[in-house]
Ligand code: SAH
Ligand code: SF4
């Protein structure tokens, strides 16, 4: 794909409407003297028709359109590079501030899942994760999060694939709960029937467990599917591979997840527990038994993830035989246990392989 970044001379003081959820857009429009329902009309133009030109929004009065042209714009950075896997997975790169973030499209029967990034890099330095190894630059804005879905739908249309994004997973670059305000606003747009209108059961937020932010998500009444990156059956192992565990330990994460579960309809009574299978680190029979005891009071389904390799890492994935034995111990204890199919490995698009191009600022 040729580099076709839209080089618009956009003044920094003008506001990109992709940064505003419905509530914010309504306040903004009311301040311009627009009608109460203009927010819904404009969102319809943006998220249904992918329209960036206020002059085409003929159900909005000329006076308001002129004001919008003066002080706002609609802009989503285009994908500058595309890599296609032999399994149909596509990885797209977006250039932001001379850096690159990655977005992954995973087609599956009727489902079209988009794995989106929430930060440029990640500050949490989990030792098994390529993103964590690359460092952290900054949080993505709401529009930079939303643009990934906006552009994906446009590109799929251009490719005549007759599909649009049906599922979103926050499993790309970054820790979404460390960018909680922008992620909440983006989630509102994703779930809003005047935005992308996705079902809460089709939106998953994966987190390493930032407890205060998880509580904030619950208090904001944002109901989506939750996936907890647990990856260890005890604090000792988790401390070794996920430094963030020293701040928020397993007990506090499970407690906060349980409270989230109590209010959530999206999760259908079960949180997803993600567990990356690392050879000789967390994959013994004893580890499986311990995990089962740990999750005894936590209604959950367990996702075992074969570890995806990246350059210069000393980890190895558990082999399939070991993963199957581990899974069967959990199944015998009554846990729904799935071994995750890793898609897009040949283009480094699988879980934990996204590195983009980051200027580390920490
Ligand atoms: N920061 C969030 C979301 C992004 S990572 C989180 O950690 O949950 C998405 C998932 O990929 C997480 O479960 C993460 O632990 C897992 N992951 C990271 N590196 C991996 C690797 N090399 N192989 C397999 N899974 C990995
Ligand atoms: Fe960050 Fe998640 Fe990678 Fe850990 S696994 S470094 S939290 S992106």
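Placement of Cβ uses the backbone N, Cα and C atoms for every residue, glycine included.
What you are looking at is a predicted structure, and each value in this text was computed from that prediction instead of being measured.
Annotated features in TrEMBL:
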type	residues	note
ACT_SITE	102	active site, proton acceptor
ACT_SITE	351	active site, S-methylcysteine intermediate
BINDING	122, 126, 129	[4Fe-4S] cluster binding site
BINDING	174, 175, 206, 229, 230, 231, 308	S-adenosyl-L-methionine binding site
DOMAIN	108-345	domain 'Radical SAM core'
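Features as recorded by TrEMBL, highlighted on the structure.
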residue : record                                     : Cβ neighbours (10 Å)
102     : active site, proton acceptor               : 25
122     : [4Fe-4S] cluster binding site              : 25
126     : [4Fe-4S] cluster binding site              : 22
174     : S-adenosyl-L-methionine binding site       : 30
175     : S-adenosyl-L-methionine binding site       : 28
229     : S-adenosyl-L-methionine binding site       : 27
230     : S-adenosyl-L-methionine binding site       : 29
231     : S-adenosyl-L-methionine binding site       : 24
308     : S-adenosyl-L-methionine binding site       : 22
351     : active site, S-methylcysteine intermediate : 27
Rounded distance in angstrom between the Cα atoms of residue 230 (S-adenosyl-L-methionine binding site) and residue 129 ([4Fe-4S] cluster binding site): 13
Of 129, 206 (the binding-site residues), the residue whose Cβ has the fewest other Cβ atoms within 10 Å: 206
From recorded positions 174, 206, 231, 308, 351, the one whose Cα lies nearest residue 122 ([4Fe-4S] cluster binding site): 174
For the domain 'Radical SAM core' (108-345), the mean pLDDT of the predicted model: 96
Pairwise Cα distance for residue 231 (S-adenosyl-L-methionine binding site)/residue 129 ([4Fe-4S] cluster binding site) [Å, integer]: 12
Entries of 102, 126, 129, 351 which, being recorded positions, have CA atoms within 10 angstroms of residue 308 (S-adenosyl-L-methionine binding site): 129, 351
Binding-site residues clustered about residue 351 (active site, S-methylcysteine intermediate) [Cα within 10 Å; pool: 126, 129, 229]: 129
Rounded inter-Cα distance in Å - residue 129 ([4Fe-4S] cluster binding site), residue 174 (S-adenosyl-L-methionine binding site): 11
Additional residues surrounding [4Fe-4S] cluster, by Cβ distance to the 122, 126, 129 centre under 8 Å: 124, 125, 128, 130, 131, 132, 133, 175, 208, 242, 352
Cα-Cα distance linking residue 229 (S-adenosyl-L-methionine binding site) and residue 102 (active site, proton acceptor), given in Å to the nearest integer: 20
Cα-to-Cα gap, residue 206 (S-adenosyl-L-methionine binding site) vs residue 126 ([4Fe-4S] cluster binding site), nearest whole Å: 14
Candidates near ligand 2 among the binding-site residues 126, 175, 206, judged by a Cβ under 6 angstroms: 126, 175
Rounded Cα separation (Å) that holds between residue 229 (S-adenosyl-L-methionine binding site) and residue 126 ([4Fe-4S] cluster binding site): 11
Integer Å distance between the CA atoms belonging to residue 174 (S-adenosyl-L-methionine binding site) and residue 126 ([4Fe-4S] cluster binding site): 11
